[in-house]
Amino acid sequence: MNILRIENVEKYYGNKSSMTKAIDDLSCNVDQGEFVAIMGASGSGKTTLLNCISTIDRVTSGHIYVKGLDITTLKSKQLSHFRREELGFIFQDFNLIDTLTAYENIALALSIQRKEKDMKDRIRSLARDLDIEDVLNNYPYEMSGGQKQRVAAARALITSPSLILADEPTGALDSTSSRFLLEKMLMLNKDYKATILMVTHDAFSASYANRVIFIKDGKIFHEIYKGEDDRKTFFNKIIDVETMLGGDLNDL
Amino acid sequence: MISKLAFRNIKKSIKDYGIYFFTVTLGIALFYVFNAVESQSAMMYITKSNKAIIELLVQVISGVSLFVSGVLGALIIYANQLLIKRRKKEFGIYQILGMGKGQVSCLLFFETLLVGLISLGVGLLLGALLSQLMGIVLVNLFEVNLTKFKFVFSISAMWKSIFYFGIMYVVVMVFNMIIMSRMRIIEMLRKKENTKLPVKNPIIALLVFAAGVGILARAYYYVVDFNQLAILLRGDMAMILIPIGMGIVSTFMIFYSLTTIAVLIFSHTKSYYKKLNAFTFKQISSQIGTMVTAISSICIMLFLTICIISTALTIRESLNSGFAESNPVDISYGIVLNKPTNDIDKVLAGIKGKNYDYTKEFSRYCVVKTYEFTKQDFNLKTFVGKRYPEFKNMVDTSMKYGAKWHAISLSDYNKLASLYHIKKYQLKDDQYMMIRTNDLQKELFDAGLSEGFTLNIDGHRLTPKYTETKSVSLMNADNEAMLTILPDSALTKRKAYQITLTGDYKENNKKHAERLFMAAIRNVVKDKDYSTYTSKLQNKNDNVGTTVLVTFVGLYLGIIFLLASAAILALKSLSHTIDSQERYQILKKIGTDPKDISRSLFVQNLFLFVTPLLLAIIHSVAGMKFVTILFGATNFINTSSLIRGTGIMVLIYSVFYGGYFIITHMMNMNIIKTR
C-alpha cells in the first residue's frame, strides 16, 4: 500500500528575473513499512522535498498524496490538522520544548490531538524500548544529545503516524549516540512497523535504511535497495554510488 | 546614509515600535491635558473663589507633573530596552559588517529621535482633543455654565510637555548609547542557549507562601478592626507603617512562591496533560518566576491606584450627597438687634414691602425669635455643679471670653423642625431641653444636664427633660453650637435679641433670587443692629472647590500609575513572547492547531495581567475599609458613595487596563507569526 506518492513535483524560488529550481519534476512512491533514506548534497533539494512533504512548504506544481489524500490542495487549517494526525517529526536540533520534561514533551504530541487515553502506559512502554525511561522526568538541558533525540523519536512515534519524517537526525550527535539512535529507529521500523523517511548526507546513517534515493539538482539521480544484503554490504554499495558521482555527493 | 537607514528601519519595525509609540503618545497626551487645565477654565464663568481653587490646582498639578514625568521616563527607558533586545541580531550584523559602535549608536539615536518627534506630535494633537473634553468635565465639576465654547490650546502646557519629554528623551538616548557600548558582538548574534528553569525548592516555597499569607492576614486585621487599629496607633500615628510594611513584604513572599505552589498542585490534576495546558502552565511559571520584584511592585502600584481613585471619587460623592443633608434650605438670615424687641414685622419691614416681599418671594419659610440668657439666668460654672473640676479649663475660658448662651421657644423650634423635616419635641411647662449642632462641648453640657441643673427664668423653675443634649442638623444664621429650648410660657416676659428668617426661594434660578434678596436686605438693618446669614449657594461654592481639587489630583495620579503598571505588564509580556519564539515554531512544526496556540497566548497574558490585579483588589478591600474608618470620624464618607465611587473606578480600569491587555494580546499573536 502506498503511504506516500509524489507525482511530478516542482518547486521554484524567486521571481522571473532570478529563478531557482529546487525540485525539478520529481516522482516517487513509498510503501507502508519502508525505511527510506534520501541522500544528496547541500542544495540538491532534499530538505526542500522534506519540507513539502511535511507541509511546512508548498510545491509550485505537482501533487503529493499521503494515504491517498492530496496534501497540495489542503488549506492551512486542514494542514495543521493533517500534520498532527498523520506525521511525526525528528529534527536535527531536537526541537524539544525546553520548559517541559521529557515525559511532557512526548505527552504533548498526544494532547494536541486530544488522544490522552492510556497516556501514561503508552509513554512508559515506548520510553522503555527507546531506553529513555530514566530521564522521563528530566528537562532537556539535563539530557545528553542522544537522549534528547530519542525523546524526539518517542514524540514522533507515540501518535502512531502514517509517516515519520527525520531531517538529519544524527547531525548533532557523536558516533556512539548516532549508532544507538539508528539502531532504535531500525527497531521502530521492524517492531512498530513505522514508515520512516530520513534525509541525510551521511552514508553510515543511510545504510540503516532498506532503500536509498539519491537526489541531485532537484532530480532523482539513482536508487538502490538493500534487499537481502547485510548493512555493511549495503554501506559499500552506497559509497560506490557516491564515488561514481566523483565525490559530488560528499558535501563535507 | 545613517538617517536613510533610520527611516527605513522605522517603517519596517512599525509593529515593533507599536506599544512603545502608543505608551509615549498616551503619556504625552495625558501630561498635556492635565497641564492645560488653566486655559480650559477660561471657557467658564469663574467666581472669585473658583479662581483661587484653579490657581491652587494648577500649582499642585505642576508639582505632581514632575513626579509623573519621572514615572513615564522610567517606563520609556524600559520600553526602549525591549526594543533593543528585539533587534539584537540586527545590530550585531551591522557591527560585524564593520559599522562602529558609535555609528550604530548614532543610528539608534536617529530612530529614537524620529519616533520621539512623531509621538510628541501625535501626543500633543491627541492631548489637544482630549483637553476639549476635559473642559466639559471641568464645567460639570464646577457646576457652572459655559460662557462660550471655543477651541483652546494651551501654549504653556505644550512647552511644558516638550520640555519634560525632551529631557526624558535625552536620558533615554544616553541610556541607549551605554547599552550599545556594553554589548559584545557575539552576544548579539548568538542564539540564546537553553536557559535553566529557575526551579525553587517546593518545601521552602510552601513555607514562604504560608508565611506570606499569614503576615498578610495579620496586617489586614490590624487595619480593618477598629479596636486593633486604635491599639496600634495609640502611641504614634507613624505606627501605621507597620501593617503597610507587612503588606508589602507579604506581597513579595506570595508572588515568590506562587508559581511553585501552583505547579505542585496543578501538575497532579487530570487536565494538566490536556491540550497545551502543560506548556501554557510552564510558560506562566517561567514568566512570573523571573519577575517577582516587578510583579509585586506592580501589584502594590495597582493597589495604590485603586485606593487613590476610589477615595477621590468617594470623597466627591460624599461631599455632594452630604451637602444636601447639611444644607436643607436656601438661606438663613438673622438680624441681631441692638435693642431687643418682639415686633417681627417692624424688624423685617425692609423686606416685606412693595420693593421686596419675602412672603411672596419665598416658597416656604419661617421666622423665629432667639433670646439671650442673662448672667443671672445661666452661669456655666453653676451649670456643671460639682463636676466643675472635670471641665475647669473649658468653663473658665468660656466665661473669660464672655460667651453668651441662647434660647428659643418650643413652638419656634417646632416651626423650624417642620421646615427642615426633622424631629419635633414636646415640653411640659416646667421642662427645658438643649440641642447641639456640633460635638464641640457635648460632654460639658451633657454633664450639666445630667446633674439636673434647674433653670430659673422669670420665676419659672425648669428642670431638664433629658439628661443629655440632642444632636440636630440646623443651618442657622449664627452657627450656634448649643441652643436651649424653653416652653413658650417661660418666655412671655422676654424680648428677642435676634430675629431669623429661614426658607427657600420660590424662583428656580437660585442665583438670581439670592441676588435680589441680598439687595433687598440692605434696607433692613437699622442703626446699631447687624445681620448675619448662611447661604446654601455659598456653601456649595466652597464645596465645589474642594471636590474639584481632590478629584483632579486623584484622577491624574491614579490614571498615570495605572498606565505605567499596564504598560510594564504589556512590555514584559511581549518580551517573554519574543524569547519564546522558538518554542512556538516547534509547536507549529509538530502540527499544533493554531487555535490552541492563540488560546495559550491569551491565557498566559491573562494570568500576567490578572494576578497582580486580583491581589491588589484584595488589598484594596482592606485599604478602603481602613479609609472608611479613618474618615468615619469626620463623617466624610458613606457607603453608597463608596459604591458609586468604586463603580466609576472599575470603569476607568476596564478602559485602560483592559485596553492594554487587548493590544498586548494582538501584538503577541503578531510576534509568533512565521517571519
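Placement of Cβ uses the backbone N, Cα and C atoms for every residue, glycine included.
Listed features, source TrEMBL:
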- B:17-37: transmembrane segment (TRANSMEM)
- B:57-79: transmembrane segment (TRANSMEM)
- B:64-183: domain 'ABC3 transporter permease C-terminal' (DOMAIN)
- B:109-142: transmembrane segment (TRANSMEM)
- B:162-181: transmembrane segment (TRANSMEM)
- B:202-221: transmembrane segment (TRANSMEM)
- B:241-267: transmembrane segment (TRANSMEM)
- B:288-313: transmembrane segment (TRANSMEM)
- B:548-571: transmembrane segment (TRANSMEM)
- B:601-622: transmembrane segment (TRANSMEM)
- B:642-663: transmembrane segment (TRANSMEM)
Paired segments the transmembrane segment (B:57-79) and the transmembrane segment (B:601-622) in contact, 3+ CB pairs under 8 A: no
Cβ contacts under 8 Å made by the transmembrane segment (B:548-571) with residues that lie 6+ beyond its boundaries: 19, 23, 26-27, 30, 34, 37, 53, 56-57, 60-61, 64, 68, 71-72, 74-75, 78-79, 82, 138, 141-142, 294, 298, 301-302, 304-305, 308-309, 311-313, 315-316, 608-609, 612, 649, 652-653, 656-657, 659-661, 663-664, 667
Positions on the same chain near the transmembrane segment (B:17-37), where near means CB under 8 A and six or more residues out: 10, 54, 57-58, 61-62, 65, 68-69, 72, 75-76, 79-80, 82-83, 115-116, 118-120, 122-124, 126-128, 130-131, 134, 138, 152-154, 156-158, 160-161, 164-165, 552, 556, 559-560, 563, 567, 570-571, 574, 663-664, 667
Range from B:109-142, B:202-221, B:601-622, B:642-663 with most C-beta pairs under 8 A to the transmembrane segment (B:288-313): B:601-622
The domain 'ABC3 transporter permease C-terminal' (B:64-183) - residue tally per DSSP class, helix then strand then coil: 102 helix, 1 strand, 17 coil
The domain 'ABC3 transporter permease C-terminal' (B:64-183) [mean pLDDT, rounded to integer]: 77
